[in-house]
Amino acid sequence: MIFEEQLAKLTTKPRARAAPPSADSVLFEDTSSPAPAMHNQGYYTPGYNMGVPSNDMQGGAGQNNLFADPMANAAMMYGSSLANQGKDMVNKEISRFMSVNKLKYFFAVDTRYVLKKLMILMFPYTHQDWEVRYHRDTPLTPRQDVNAPDLYIPTMAFITYILLAGMALGIQKRFSPEVLGLCASTALVWIIIEVLVMLLSLYLLTVHSDLSTFDLIAYSGYKYVGMIFTVLCGLLFGSDGYFVALAWSSCALMFFIVRSLKMKILTSLSSDSMGTGSSAKPHLRLYITVATAVFQPIIIYWLTSHLVR
């Protein structure tokens, strides 16, 4: 009985709570809270700041500090000056070979001019006034004068001719990048040869005219309009349509070249006739104009005959 009473006292006695661990018994230090600030010392206090990033981290005040930095401003000004110097050097080197302003003159066209010029190239017999107009010894731009030469139509016609040649070769199952490249390079070389021959002829005969290299390139490039018309007729109507279109475009182009160059080369006969030695053989200048016109159908046939079968 005595044993049972002692056992009952032990079971009914409240369990003592364990005492909180002392500071010496802590295994790991709690670092989740920021460390206390040290105001009395100038040392940096390490800690983890998980709050919202500051303005410097977001780039707000950092960019302002960047632009406010005198070294950064000096570097930007130096870079801008280098860029301007490089641009001036490039423009100067380009101006040695061609005038940019003069090149812009040949591309000053609009839709009205392009349509009228194409009609003159294909139907030149109805055009009456072929004189190029001037304003204070400066020729008017192509958009102001339909008789002024331009480089827009020759450039677009050249690109269209290359695309049309690729289509014609594809229809005939003969297309390849090499053949198309050869066609483009051949057409370009013929223009270069033609312009060089014209310049050499004018130089040897001492013909004083206002024909520039760009003028000659423009007049030589107008043949691509007739070449496009010839190839299209050949693809649509066969060989008969090709030769009919070739005859029409050749005659139209020859008439156009003679009437256009007449105001450039042949009019110099009257001005040079007052001189002593430059007009010794004036008929040679007429031969230059006629030879340039007659040479156009030969080139048209050479560059288009292999595209139509």
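Glycine is treated like the rest: Cβ placed from N, Cα and C.
Taken from TrEMBL, the feature region 'Disordered' covers 11-31.
Sequence-remote contacts of a segment are chain residues at least 6 beyond its ends whose Cβ falls under 8 Å from one of its Cβ atoms, and for the transmembrane segment (151-172) they are 103, 106-107, 109, 114, 117-118, 121, 142, 179-180, 183-184, 187-188, 214, 217-218, 220-222, 224-225, 227-228, 231-232, 235, 303, 307-309. Per TrEMBL, the feature transmembrane segment maps to 151-172 (among others).
Residues or ranges marked as transmembrane segment by TrEMBL: 179-205 (among others). Nonlocal intrachain contacts for the transmembrane segment (179-205), taken as residues 6+ away from its ends with a CB within less than 8 angstroms of a stretch CB, comprise 158, 161-162, 165-166, 169, 211, 213, 216-217, 220-221, 224, 265, 281, 284-285, 288, 292, 295, 299, 302-303.
The feature transmembrane segment is assigned by TrEMBL to 225-258 (among others).
Here TrEMBL flags 284-303 (among others) as transmembrane segment. Within the chain carrying the transmembrane segment (284-303), a Cβ under 8 angstroms from the stretch's Cβ atoms is held by residues 161, 183, 186-187, 190, 194, 198, 201-202, 205, 207, 219, 223, 226-227, 230, 246, 249-250, 253-255, 257-258, 261-262, 265-266, 268-269, all 6 or more beyond its ends.
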